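Asker: As annotated by TrEMBL, substrate binding site applies to TRP46, TYR138, LYS261, SER295, ARG385. According to TrEMBL, the feature pyridoxal 5'-phosphate binding site maps to GLY106, SER107, ASP232, SER296, SER297. According to TrEMBL, the N6-(pyridoxal phosphate)lysine annotation covers LYS261.
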Amino acid sequence: MSEKSPVWHPFHQHGLGEHIPLVERAEGAALHTSDGRDVIDAISSWWVITHGHNHPHIVAAIQDQAAKLDQLIFAGWTHQPAEDLARGLTAIMPAELEYVFFSDSGSTAVEVALKMALGFWTNSGAPRDRIVVMEHSYHGDTIGAMSVGERGVFNRAYSPLLFDVETIPFPNAGQEQHTLDALEAACRTGQAAAFIVEPLVLGAGGMLMYSPETLRAMRDICSRHDVLFIADEVMTGWGRTGTLLACHQADVVPDILCLAKGLTGGSMPLAVTMASAPIYDAHYSTDRSKLFFHSSSFTANPIACAAANANLAIWREEPVRERVTTLAKNLAAGFELLAAKHPVSNVRQMGSIIAMDVEAQDAGYLADIGLKMREGFFARDILLRPLGNTIYLMPPYCISEQQLDRIFSVIDQTLSDVL
Ligand SMILES: *Cc1c(COP(=O)(O)O)cnc(C)c1O
C-alpha cells in the first residue's frame with residue numbers, strides 16, 4: 001500500500017518497514033494477494049485453519065446462521081447453535097468433561113480455566129492459590145495467560161502486572177525424571193491449585209516436544225496430590241498432533257480443557273473451556289456468591305457456534321484423520337531430505353507439526369536469521385514464520401503434495417541463500 005496505514009499489527013515491528021501483504025481471497029492452503037500473488041499458507045494462518053481456508057460447509061453454516069440470529073446475551077439465555085455445539089463437544093471429548101463454558105479466544109479460554117480452578121478451591125472451603133506451569137510454555141497474551149507463560153522479552157515491560165507461579169523445567173529427552181520430581185515437589189506443598197500445560201507440543205516456545213509417557217506421568221502426579229490438571233489444547237487440539245486431542249495419545253483426561261483455534265476450523269473466533277463435574281458442582285449452589293464470575297459480550301456468539309458445528313460435521317463426514325496421517329508422512333519425507341542437505345538439527349514431529357533448528361550463530365526468538373528466512377520464504381510465495389532459528393510447518397490438512405513439494409523446494413533454496 002502506498003499511503004501509510006493506521007493499522008497497528010500484532011507482534012510486528014513497524015519500524016523495520018517490512019512489506020505488509022494484503023490478502024483478498026483464500027481457498028484451501030492458498031492465499032491470493034491484491035497484487036496478484038498466490039501464496040501457500042504453510043502455517044495455517046497462525047495455527048488456526050485445520051481443514052483449509054473457506055471450507056464450503058463452514059462458509060454455508062456462517063451464512064445461514066447470520067441470516068437467522070446474529071448475537072444474543074448468553075447470561076441466562078441460550079440458542080440452538082450453542083446447545084448443539086456443547087452436546088457435540090461432550091460427545092467427542094473425554095466423557096468426564098461434562099460442562100462447556102464459552103469464550104472468544106485461546107487466551108480467554110485459559111483465563112477462564114485459571115478462574116475455574118481458583119473458584120473450585122475457594123468454593124470448596126479450602127482455598128489454594130498457586131499455579132504450577134512448565135518452562136517455555138505459551139498460553140496467550142492477556143495478563144493471566146502471560147503470567148502462566150514463559151517470561152522474556154515478550155512480556156518484560158508488563159512483568160509488574162504478572163502474578164507469581166511455580167515453574168517446573170521442560171522435560172528434555174533424558175531428563176524427564178527431573179521434571180517429574182519438580183512437579184511432585186510443587187504439588188506436595190498443598191498450595192498448588194492447578195498445573196497448566198500444553199500437551200506433547202509447546203508451540204510458541206519453539207515447537208518443543210515431549211513424550212506421551214511424560215504427559216501421563218505428570219497427570220498421575222497431579223491426581224495423587226489433588227492438583228487440578230489443565231490441558232491447554234488451543235494449538236494441539238483438532239487433530240494437529242495426529243489424534244483429536246494430544247491428551248488421547250497419553251490416555252490422559254484433564255480436569256479442565258482449553259480449546260480454541262481449530263474449534264471453528266479456524267474460520268471464526270471462538271473458544272471453550274470444558275470442565276469436569278466436580279469443578280461445575282463447586283460453583284453450583286443456591287448461593288449467588290458462588291456463581292462463576294466470568295462473561296464477555298460475545299460469549300457463544302451464534303455465528304461462531306454455527307461455524308464450530310460445521311467443523312464437527314466435517315470431522316464426522318470427511319476422512320480428516322486419514323488426511324493428517326498422509327500429511328504427516330509427506331512432511332517427514334520432505335524434512336528428511338532437507339536435513340540431509342543442510343546444517344540443521346533436532347528434527348521433530350508430532351502429526352501435522354514438524355520442526356527443525358537451523359544451526360546459526362544467533363538463536364532465540366529475535367534471531368536475525370529468523371527474519372531473513374521469513375523474507376526469503378515470502379519472496380518465493382510461501383507464508384512461513386520461523387520461531388528464531390526454528391523452521392516449522394503446520395499446514396492445513398487439505399494441502400496438496402504439489403504445494404508441499406513447492407514448500408520444501410523453497411526452504412531448500414532459502415537455506416542455501418541465508419547460510
Ligand atoms: C495460540 C495459543 C493460545 C492463545 O490463543 P489466542 O486465541 O491467540 O488468544 C493459548 N495457548 C496456546 C497453546 C496457544 O498456542
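Every residue, even glycine, has its Cβ placed from backbone N, Cα and C.
No curator has checked TrEMBL annotations; they are predicted automatically.
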Asker: In whole Å, how far does the CA atom of TRP46 (substrate binding site) lie from that of SER296 (pyridoxal 5'-phosphate binding site)?
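Answerer: Between the Cα atoms of TRP46 (substrate binding site) and SER296 (pyridoxal 5'-phosphate binding site), the distance comes to 24 Å.
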Asker: By a 10 A CB contact count over all chains shown, which of the binding-site residues listed here is most packed: SER107, SER295, SER296, SER297?
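Answerer: Compared across SER107, SER295, SER296, SER297, the most Cβ atoms within 10 Å surround SER107.
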Asker: Please report how many Å separate the Cα atom of LYS261 (substrate binding site) from that of SER296 (pyridoxal 5'-phosphate binding site), as a whole number.
Answerer: 18
Asker: Which one of these binding-site residues has the most other Cβ atoms within 10 Å of its own Cβ: TRP46, TYR138?
Answerer: TYR138
Asker: Using Cα coordinates, what distance in whole Å links SER296 (pyridoxal 5'-phosphate binding site) and TYR138 (substrate binding site)?
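Answerer: With distance taken Cα to Cα, TYR138 (substrate binding site) is 22 Å from SER296 (pyridoxal 5'-phosphate binding site).
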Asker: Return the single residue from the binding-site residues list (LYS261, ARG385) that has the minimum number of other CB atoms within 10 Å.
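Answerer: Among the binding-site residues LYS261, ARG385, the sparsest Cβ neighbourhood within 10 Å belongs to ARG385.
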Asker: Write down the Cα-Cα distance for SER107 (pyridoxal 5'-phosphate binding site) and TYR138 (substrate binding site), rounded and given in Å.
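Answerer: Answer for this pair: 10 Å between alpha carbons.
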Asker: For a quick check of understanding: given the listed substrate-binding residues TRP46, TYR138, LYS261, SER295, ARG385, what is the maximum Cα-Cα distance in angstrom, as an integer?
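Answerer: If we measure all Cα pairs in TRP46, TYR138, LYS261, SER295, ARG385, the largest is 33 Å.
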Asker: Which of GLY106, ASP232 has the fewest nearby Cβ atoms, counting only those within 10 Å, among these binding-site residues?
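Answerer: Looking at the binding-site residues GLY106, ASP232, the Cβ with the fewest others within 10 Å is that of GLY106.
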Asker: Kindly point out which of the binding-site residues TRP46, SER107, SER296 have a C-beta less than 6 Å from some atom of ligand 1.
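Answerer: Among TRP46, SER107, SER296, near ligand 1: SER107.
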Asker: Pyridoxal 5'-phosphate site residues GLY106, SER107, ASP232, SER296, SER297: biggest Cα-Cα distance, Å?
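Answerer: Overall maximum Cα spacing for these binding residues reaches 23 Å.
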